[in-house]
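Over in TrEMBL, the protein carries these features:
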- 82-103: transmembrane segment (TRANSMEM)
- 123-143: transmembrane segment (TRANSMEM)
- 155-171: transmembrane segment (TRANSMEM)
- 226-253: transmembrane segment (TRANSMEM)
- 259-280: transmembrane segment (TRANSMEM)
- 339-358: transmembrane segment (TRANSMEM)
Amino acid sequence: MYRAISIGCEFVIMVTSLLAWLLTVKDVGYLSAEIAGICKNCGREEEPKDWRWGTRAGKVSRAKQNRSETNIMGTAINLKRAIVSVLVPLPSILFYLYFINHYKTSTSDGTTVSPFWSWCVDHPLLLVNALFFFNVNVLFWLISQIQKSHWMIDLYWTVIPMLLAYCYATYPSAQYNMWRSRIVIALAWVWSLRLTHNYFRREKWQWGVREDWRFTEMRGQYGKHWWWISFFSVYLSQQVFLIGICLPLYIVHSVDQPLVVWDFVAVAVCLCGIVIAYFADTQLHEFVTRNEKLKEFGKPMAPNLDRGLWGYSRHPNYFGEQLWWWGLVVFAWNLGHGWTFVGALVNSMCLAYVTVLVERRMLKQEYRAEAYRLYQKTTSVWIPWFRSSAFARKDKNT
């Protein structure tokens, strides 16, 4: 047992030391040069000593040089954030892999399992919560204090459910129907890939460019106290939400019953949610991209997105996401654990509050306030439905 704890500590120290070095490297230009093998002058030929930077040509060349240096700095920062993001879950992953291997070896050899590992086997949910607390709540929070941003929790919202699904499926005490497990894990993969793709598409394929606007507003609201309040409002709250809404994944891998019709109903609900969320987010992305181009050319921006799925719901992406989570609840309900609806219900209530915040934010933007008020009067909030006759008349007149 002591040897296991020692090895685990060594893993944690190794990973956290590497993370600490990456987070404290300030000369990111040098870091990028080292990684990319770029020479000190970034591949430019040495300029003649009599070069006159005051000339027009000199100023243009200098501007190009500055842009090149800025791009290299941006690439270095992006690369550093990517490496940190990949490394940050390793303490939990390495601990879990060692735990599984140690337990299998001990049971196959007939060796007595230590009380610590026996406790881990008997309490999967407690172990998952403990790993989440130390690896996500504590480590993510410490990293956010160094980076002055809470961007990483958004990215891992798309990954943690997948990690939990594999954890529950490979747990020593797991018992489940193989086909139901495969179906749920396949659905979780599709959901995770869709959401991860949407995250990077929205962030223009960069790592950690910005944090959620709600966190930015709270940072301004709480001021100097935000550093400790953020631990509870950003990270501890995420543990409640994520572990709660992923409880159906645990139930699927805790009950062994044959597939029935309700499993296929759950699959249909989950797939509908994923498809609706994908098309809604794609339409939103195209709308935002068009507005950015209009703004760049000095033209008036479109005040509101009211076409496609957004013509039937003000937040079809939220609706699709909720369908996904409630579809998972159907799996658990079918296995006799309908109480897991609590996690999805809490998540839906929180998203309802977020919807209010988003719409208030929209109304604060003068160029779209009037159009959005009409949109609110004529279009369903979440559940897609036909627009009112007032909106239909408006479309007809235009």
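Even glycines carry a Cβ here, placed using N, Cα and C.
Annotations in TrEMBL come from automatic prediction, not curation.
Ranked by the number of CB pairs under 8 Å to the transmembrane segment (155-171), the listed stretches 123-143, 226-253, 259-280 are led by 226-253. A Cβ distance under 8 Å defines the sequence-distant neighbours of the transmembrane segment (123-143), meaning residues of its chain 6+ beyond its ends; these are 16, 19, 23, 84, 88-89, 91-92, 95-96, 152-153, 156, 160, 164, 167-168, 171, 173, 230-231, 234-236, 238-239, 242-243, 250. The highest tally of CB pairs under 8 A with the transmembrane segment (339-358), across 82-103, 226-253, 259-280, is held by 226-253.
Residues 177, 179-180, 183, 187, 190-191, 194-195, 198, 308-310, 313, 316-317, 319-328, 330-331, 333-334 of the same chain lie 6+ residues outside the transmembrane segment (259-280) yet bring a C-beta within less than 8 angstroms of a C-beta in it.
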